[in-house]
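Q: This is the structure I want to talk about, given as structure tokens.
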Amino acid sequence: MTEEVGQKLLESLSLFKLGDIGYARIECELLTTFLEEQLENNLDSLSIHELSTNLIRNRICCREFIESRPAKKWVFLIFRLARTLFRDKTRIATFHSVNLHSEFVQVFWRNLTYQTKSYRNCKFQTFQFIASRFLRSEHDWNVTVVNCLNVTQKLIDNGENARKFVDCNLEDAVLVLLATRQMTVLQHSLEILGRLSDWSTTCRENLCESNTIDVCLQLIPDGDILTQKLCISLLRILSCEEQAREQIRIYDGVPTLLGLLSIKNSRLQWHVAWTLAQLAEQHETSLEIAQLGGISLIFAAISNPKPPGKAVGDWVAMLTGLTALLAQLAQASSNQQLMSNANGVYILGKLLAIKKNVTTDETIDSWDLLQCSIFRVLRLMYTFERSRQLLKKVLPTEIFEKFVDVGNYNSVLTDYDQIAKMYDNLIEENIEIMKDWETVNERRQAVGEVGEYELLDQLGAGAFGCVYTVRKKAQSHSENPAKLLALKEIFMTNLNDRESDKSFGDMISEVKIIKQQLRHPNIVRYRRIFVENHRLYIVMDLIQGCSLRDLIITMKEKKGNFEEKKIWAMVVQMMLALRYLHKEKQIVHRDLKPNNIMMTTDERVVITDFGLAKQKGPEYLKSAAGTIIYSCPEIVQNLPYGEKADIWSFGCCIYEMCQLQPVFHSTNMLTLAMQIVEAKYDPLNEMWSDDLRFLITSCLAPDPSARPDILKVSGMCGVRLLEYLDDVARQQASTSDMTASQSSYNIKIDESPSSLNSSTSSYKRPGRSSKTSGSGKLPPINPAPRRNHSMSAGETPRPSSIVCLPRITDKYSVMFPSAPSAIPSRRRVQTCSTEHPARSSSSTELKVSKQSDGLTVSSNVLRQIQDPVLTILNQIHRILVVTDKETISTSMNHQRRLVEMFRKNLLGRENDAVQMKTHLRKLAAESPEEIQMNLGFSDFRPVLVQSHINGYQKDQKVTKITYEQLSACIECLIAENPAAK
């Protein structure tokens, strides 16, 4: 019986009888019996091979079979048999040996794109039975399509076979299925696209030109774990292409990806990490990831990691991916600082011995790769001065030498292999070496107390004292963490009690001047001064940033140069600080150098270390102070000097920013002094502007009388100063507008639900229009304001005219039967004639004429009343027309995506009816107000360019879009789509 069924099925598949219903019914019965009883196990290999060949040639790759429009059950059984047979790789090889890939795609996939565009008008309907019918009736055809996709997925088993399918444009057809709501179909489609793009550059390029990235980013927030993994995996593969990375950035994909880092799933986190690592190759995206808190999220994921019970290999790969992302972020010096502030050195160091905490039977070859990746991040962080000090404390000498020899900004992972093996051997010999990392833990308990402050970490030390990071002792009633401050400790030794007290008094008086007077954003703020245990303590703001010296060293190690715009931004801020010190406070800093100029994380310049500052008196200062290579000729020659000493140091700092080396440098002190006195230095490179050259030359004038003061310096930089202030004003205006818009958006609108006219007039169009409601624009609701002229003797009144109101019909009584008294009597109202004396000088008298049949008025003086409900419905109709699913296009269209995101937000759960009405009325009025929604764009410039809209800065990001611009996009989409018209 078994052999008989198999033989009959083999014979049935060897031929095809067009239009024979009985033949189709018999084959369906044979297929059902064969599958349910699993008869393929009873056939010999030759019969199975023949069965597979007939199935391929005469069914799934046969155009005549498909054009006969077989029944759904028949197609389902055919693909179920194919799915069963293709579990064996030899039968998959049989399919590829037949070489009918093109026929398979054409028969089952090619016409899918035509069917989804307009399957009713398509003459060639070979896929209507499986594709177009599925899109129209997903539930009925779901299982059939899943089997078809599963078979296709099995056939894409290597790169060569994947490229054969790509040559037949299989990805274009599968892409359309991403519009389905059936999760199984969606996941199989994503898997197929991932396999094709992973093995084919052509496929990646084709998908980048489609809306694939947009679809994936929209599926991620609401999808399950498997869907999220498939979407992120596809994005990771496509991110090899620059076009894909640009699309992800434009579609605001970076925040979406960062939000997935906190999900405890190793494979998902691995995909996210490598996707972000590729995006972070662009400097701006790297900074954006850091600004969005990405560095903190990464360290939270790798600090105190707990190995899973199974799939440890995936877990190790995830840690490697996250450290690779950190390595890419560490290419930016500002990110190095954030990583150091996040206790990154300690967290990464403890991760080096994670292998000792894992017990597993799995053979994991990626431990060495993880250690190499960790050392690469630490080496990139080493270029930051703070991290350099910490790493010197913990790395053994023999390893530290190899560590330094790798070189700065070396991202080649294999160069760290020897270091990783050496350190791993040290751990094997003595696990106690890992305790050394506790000394660089900046989150440990306070190391001591001084007064009301807890000492957290030592920032630096010198001959006269130390500088600590401190915080106020926690208050029992306070839940907020204490603000971090800097505490400067000054030793007072070798003094008797009387001298010590006097010195304390003198020093406190000197610093009190600074504390009480200096209030400037570019100058460090001193908070408190106190004495304890024969030591002077100065509390000041902790500058979260790095010094100009660190920036110069980092840039020199990168073998690059600062952008001139950035140099001017720092120069202007330093000028503002010096003007404040010299002209308002009469203070000379006397030790202005790159080490004392800090750059915060938001690129604000802060001048610090006023230990040598002096307040100017009537006489010139005479004491020697400062670092000699930044000292002016007057100080070197021990001559009186004034505020222009700071101008000289200012010029030295600017020169060093440009050339990345001090303006005067020599190992011989006498030679160095001669260079300073004679102002002999190497000229600037030709790459710098004439303005910068002239500024440095003027500041480094050896004759103090020829050297300008800070006001003249500002005059030399007038144009640059105005450009900087213009940028600051623009940023403040943008921030202010955004805050104001957000505040107004959050205010609850108090209005009656039944009143549609009450708030219509509160949104005015920029201009008048004579278009009717069909245009989607609102006319002004309130009539023109009327003026009541007084009838005083001093005015010549104008002759009045009779005002006739339209007759009020009985419709009023029908609409409001409960209020008959509100119906006015029909009469003619006439204004008082001005030919008679007025009874009042401040009012207009109305005179009632005899009762007549009704009131009449000319129709041409009436203003047409427009139903606001129709206006709102018109906007809804326009939005639905351009986002109609029957007009699905797989091509990338920024405008359509914008409208779809607006519709999604408008109809979301967070919007109530009042907010929906407000948004639609603003859209109808083409309001210039910005839309306060997350529309999924980090930059709207591609949308505006595609819509040919002007009026924005083309060289700056456009992070918000107005209702007026959205309306223009909708009009463009309607104009481009004949069906929408």
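Glycine residues also receive a Cβ, built from the backbone N, Cα and C atoms like all the rest.
According to Swiss-Prot, the protein carries these features:
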type: ACT_SITE; residues: Asp591; note: active site, proton acceptor
type: BINDING; residues: Leu459, Gly460, Ala461, Gly462, Ala463, Phe464, Gly465, Cys466, Val467, Lys488; note: ATP binding site
type: COMPBIAS; residues: 735-746; note: compositional bias 'Polar residues'
type: COMPBIAS; residues: 752-762; note: compositional bias 'Low complexity'
type: COMPBIAS; residues: 830-847; note: compositional bias 'Polar residues'
type: DOMAIN; residues: 453-725; note: domain 'Protein kinase'
type: REGION; residues: 735-802; note: region 'Disordered'
type: REGION; residues: 823-847; note: region 'Disordered'
Q: Would you kindly give the Cα-Cα distance separating the residue listed as 'active site, proton acceptor' and Gly465 (ATP binding site), rounded to the nearest Å?
A: 18
Q: Quick one: Cα separation, Leu459 (ATP binding site) versus Asp591 (active site, proton acceptor), in Å?
A: 20
Q: Quick one: Cα separation, Val467 (ATP binding site) versus the residue listed as 'active site, proton acceptor', in Å?
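A: Per the Cα atoms, Val467 (ATP binding site) and the residue listed as 'active site, proton acceptor' stand 18 Å apart.
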Q: Could you tally the C-beta atoms, other than its own, that fall within 10 angstroms of the C-beta of Asp591 (active site, proton acceptor)?
A: 22
Q: Within 10 Å of the Cβ of Val467 (ATP binding site), how many other Cβ atoms can be counted across all chains shown?
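A: That number is 19.
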Q: Let's check the environment of Gly465 (ATP binding site): how many other CB atoms sit within 10 Å of its CB?
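A: Gly465 (ATP binding site) is surrounded by 18 other Cβ atoms within 10 Å.
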Q: Please compute the mean pLDDT of the model over the domain 'Protein kinase' (453-725).
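A: Here the mean pLDDT over the domain 'Protein kinase' (453-725) amounts to 82.
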Q: Please classify the secondary structure at Val467 (ATP binding site) using three-state DSSP.
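A: Reduced to three states, the DSSP call for Val467 (ATP binding site) is strand.
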Q: State the count of C-beta atoms found within 10 angstroms of the C-beta of Leu459 (ATP binding site), not counting that atom itself.
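A: Other Cβ atoms within 10 Å of Leu459 (ATP binding site): 16.
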